[in-house]
Structure formats: structure tokens, C-alpha cells
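Enquirer: Per Swiss-Prot, the features are:
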BINDING   L83, C84, H85, M121, E122  substrate binding site
ACT_SITE  D136  active site
Amino acid sequence: MEGAMTEPGKEMTHLDARGRLRMVDVSGKERTAREARAEATVEVSPETLTRISEGTIAKGNVYEAARIAGIMAAKRTWELIPLCHPLQVTGVEIEFSADPARNEIRILSRVKTLDRTGVEMEALVAAAHAGLTIYDMCKAVDRGIVIRDIRLLYKSGGKSGTFERA
């Protein structure tokens, strides 16, 4: 796998010269302000969306449970994703917006740090885990829930600069 490429001129940093996985050594990098934002979309039935907004799901407040789950997941990403570094997460925000016309809930996560590597994975894990928690909170009334479109929207800081999804 030597020279494995994702984009011209960019190598897979988690592979050594023989193609073996390794955790990238970031000890020589400076701590810099970094931020990442991600999203996930949860499709639910119209009845489920109404029950969530009215607060009548038996397990409790769906959005607050999902918010806490997303925050907790961001802080523990290094335990969930192999080769992720443990980071000093300095802030996590999780927001929800319901779209009754599409029977969807959009989850937006924002994660910040002052560290040696980025928080893209933390933002993605936060959004995904919030979506999984919505599923768990609502599965008794809606088995057809779909979690989709988990993706990075924005990242800043570090050597690779800023990325913003168009």
C-alpha cells in the first residue's frame, strides 16, 4: 500500500511504508485552535415527528437525550474509532431542526479544540450518535427510522487549512 492516494499528492497518513496501520505521531505539531462541523439526517414517520415535538415519547425528551449523547460521544471518539487521538475537546454543540414537510430531523454538531490534530471525527461521531439516540428513543413507536447523510460540513485549523462543503 505504499504511496496509497486519496487525492493527488496526499498520502494515507495512518499507513507506514509497508502498509501497516499506525497511529500518527503528532507530538511535534503545535497546538492550534481547530473546529469541525458535521451533520446527520434522521427520517421518521409524521406521527413520530409530531410526538417528538409534543414531548410525548415515553422515554422522555428526545432532543435533550440525543444532545447529551452527542456531546458524550464527541468526548469519547478516541475510544470508538481506531487510531483517533484522545483530544482535549473544549466545546461541543448539538442542534436539531425538524422539517415536517420532509419528516426529517437535521442534526448539526460543532466541536472545538486547542490541540495538535483536528476534530472532524469528533464532530461526525457526535452527529451520528445523536441520530442513533433518536432512533433508540423512538424505536418503540417507529421501526422505520432511517439515519442518513452523515457528513463533514466544515473544518478549520491545522496544516491542511479550511474545508467547507459546497
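Heads up, the Cβ atoms here are built off N, Cα and C, so glycines get one too.
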Enquirer: Which residue, out of the binding-site residues C84, M121, shows the minimum number of other Cβ atoms inside 10 Å of its Cβ in this structure?
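Expert: Across C84, M121, these binding-site residues, the one with fewest Cβ atoms within 10 Å is C84.
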Enquirer: Highest Cβ count within 10 Å among the recorded positions E122, D136: which residue is it?
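Expert: Per the Cβ count, the most surrounded site is E122.
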Enquirer: Using DSSP and three states only, what is E122 (substrate binding site)?
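Expert: Going by the DSSP assignment, E122 (substrate binding site) falls within a helical segment, counted as helix.
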Enquirer: C-alpha of E122 (substrate binding site) to C-alpha of the residue listed as 'active site': distance in Å?
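Expert: That comes out at 21 Å between the alpha carbons.
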Enquirer: Using C-alpha atoms only, work out the spacing between D136 (active site) and L83 (substrate binding site) and round it to an integer in Å.
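Expert: A Cα-Cα distance of 27 Å.
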Enquirer: What does DSSP call the residue listed as 'active site' in the simple three-state scheme?
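Expert: DSSP call for the residue listed as 'active site': helix.
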Enquirer: Taking only the residues the record lists as binding substrate, namely L83, C84, H85, M121, E122, what is the largest Cα to Cα distance between any two of them, in Å to the nearest whole number?
Expert: 13
Enquirer: Using the centroid of the Cβ atoms of L83, C84, H85, M121, E122 as reference, list every other same-chain residue with Cβ within 8 Å of it (recorded substrate site), in sequence order.
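Expert: Near the substrate site, the remaining chain residues are T77, W78, I81, L87, T117.
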Enquirer: If you draw a 10 Å sphere on the Cβ of H85 (substrate binding site), how many other Cβ atoms land inside?
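Expert: Looking across every protein chain shown, the total is 16.
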Enquirer: So what sits near L83 (substrate binding site) in its own chain, CB-to-CB under 8 Å and at least six residues off in sequence?
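Expert: Listed in sequence order: H14, L21, R22, M23, V24.
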